[in-house]
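> For reference, the structure I am asking about is given below.
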């Protein structure tokens, strides 16, 4: 089904920190940030309620810090703080486009963000505000992908949209294998069994338990967010039933 009427009433968009890099080696590319804000605003103006979970890998990755000998918990907390920086930057970009936005942090820092309160987040969305969830789950050892699955379920989102650099889920790395099979649809069980690295196993398992549909798509192709919301076949859909390829 496709058309000009959204098929989703409420979505959760997962953005990696790396998505904000653009052509930069570190930090945030302001032109990329503005493009994301423009696309999200366009969807929001269609009456779709939007929540966002953002990573921090463009600034600091907890796993990378731990691999260099840092205590894993400390490294993960540093990564969570990086997500707050990204969330504030995205909030600023969205509000420049006239979109009222709130940041909720799983780590208390009342000077810059609201604490994460589920009912308040729901109320914000009902009032037409975008909500950005920062600081992951607030706990070490959990990825922002797992946070995205958790928040999507808590918010009652109808779909979790996972933004990536490629146009879906492949059987192998398309950069190393240009003829790699791309899935149009795949089940949660298949993703886990085939150990496909689109999201970590905890995130996929959580989505599977609650039958939270995931759409994996290429953020770099302008207009993809809107196309998915309108029901067009973009990227790879991950859902409950097994699909023959």
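Placement of Cβ uses the backbone N, Cα and C atoms for every residue, glycine included.
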> According to Swiss-Prot, 56, 137, 138, 139, 140, 141, 142, 143, 144 bind UMP; identify which of 34, 76 is listed for that same site.
76
> Given residue 141 (UMP binding site) and residue 14 (ATP binding site), what distance in Å do their CA atoms have, once rounded to a whole number?
18
> Count the Cβ atoms, other than its own, that fall within 10 Å of the Cβ of residue 137 (UMP binding site), considering every protein chain shown.
19
> For residue 164 (ATP binding site), what residues in its own chain, 6 or more apart in sequence, show a Cβ-Cβ distance under 8 Å?
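Looking at Cβ-Cβ distances below 8 Å from residue 164 (ATP binding site), excluding near sequence neighbours, one finds 16, 198, 216, 217, 218, 219.
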> Return the single residue from the binding-site residues list (14, 16) that has the minimum number of other CB atoms within 10 Å.
16
> In DSSP terms, helix, strand or coil for residue 143 (UMP binding site)?
coil
> Which residues, same chain and not among 56, 76, 137, 138, 139, 140, 141, 142, 143, 144, have a CB within 8 angstroms of the centroid of the CB atoms at the recorded UMP site?
62, 79, 80, 136, 146, 147
